[in-house]
C-alpha cells in the first residue's frame, strides 16, 4: 500500500466509494453514463458556438468557455474514479496526485470566476439592453474570459506551492475519490498551519467574492424583471433566471461548504458526498440549463452541426 523513500510517500491510495461489488458496478454504470453524456453535451455546445456566426456574441462566447471548461473539469476526476471501480485499485503516484490537484483547483476556481462574469454579462444585457453592445464589446469579453482562466490557474499554483512543500511520511490513505486539498493536508507530517491559512483565504477570495458578484447581478436582474409590464414576459424571464440561479447556488454553496469553512478536513465523508455535486452533477446539468433550453442555440445546432452531418448525403442525392 505504501512505498516510502527517505520518509517520503511516493504514492497515495484513494478510498473512493467502498461498497459491495453489485453497488460498485451500479455506480460505475451511473457515473460512466453521466461522463459520456457530459462530454457529448459540452462538445456539441462548443462546436455549435464555434461554427454558428449567429452565436458569435459575448453571451455565447462565455457559454462556449464554460462548456470547454466542463470538458476538462470532468476529465480531471471521473476517469480515474471509473478505473478504480473496475480494477479495485485506488493507487496514484505522488506526482499524479499533485497534478490532479493542480488542475482540479485551477478549473474549479476558473469556473467560480467565469460564472460571476456570465452573471455580470446577463446583468448588462437585461438592465441596459440599448447600451449593451458598447458596455460589453468582444474585446472586453475576451479579456474577462482570459482573466477568469488566468486567476484560476494562478490561485491553483499558489496553493500547490504550499502543498508541495509539505512532507508526507505516512499513512497514505486518502478518504476521497480524487486528490483534494483537505485530505492531503490531514496526511502531512509537517507544520500545516500556513498552508491551511493560504488555502482558506484563497478559497474565500476565489469562491466568496465571485458569489457576491453573482448575487448582486441577479438581484439587479430580478428587480428589472419585476418591472416587465406583461405577466408572460415576467414568467419567461423568471423561469430562465431561476434555472441559472439554481445551478449557481448548488455550485457555490457546495464549494463554500467544502473549502471555505474552518476545519473542513475533519468531515471527509460529508465532503466526499458533497464533492459529487460540483464535480459530476453540475457539469452534467450546466449544458441543459444554460444552452440546450436556449432557442438560439438549438436553432444554430440544427443548422450547423446537424446540417453538416447531412450535407454529404444531400450532395450524393
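Every residue number used here counts from 1 along the chain in the order it is shown.
Backbone N, Cα and C atoms are what each Cβ position is placed from, and that goes for glycine too.
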Swiss-Prot annotation of transmembrane segment - which of the ranges 198-217, 218-237, 298-317 it falls on:
198-217
Per Swiss-Prot, residue 25 and residue 95 on one membrane face:
yes
Among 75, 186, residue with annotation N-linked glycosylation site (source: Swiss-Prot)
186
State the residue range annotated as transmembrane segment by Swiss-Prot; the candidates are 5-25, 26-46.
26-46
So residue 186 (N-linked glycosylation site), by the Cβ count within 10 Å over all chains shown, scores 13
Contact ranking winner - 26-46, 198-217, 238-258 against the transmembrane segment (100-120), Cβ under 8 Å:
198-217
What are the helix, strand and coil residue counts for the topological domain 'Extracellular' (76-99) according to DSSP?
18 helix, 3 strand, 3 coil
Do at least three CB pairs under 8 A connect the transmembrane segment (198-217) and the transmembrane segment (272-292), leaving out pairs fewer than 6 apart in sequence?
no
Around residue 189 (disulfide bond), how many other C-beta atoms are within 10 angstroms of its C-beta?
13
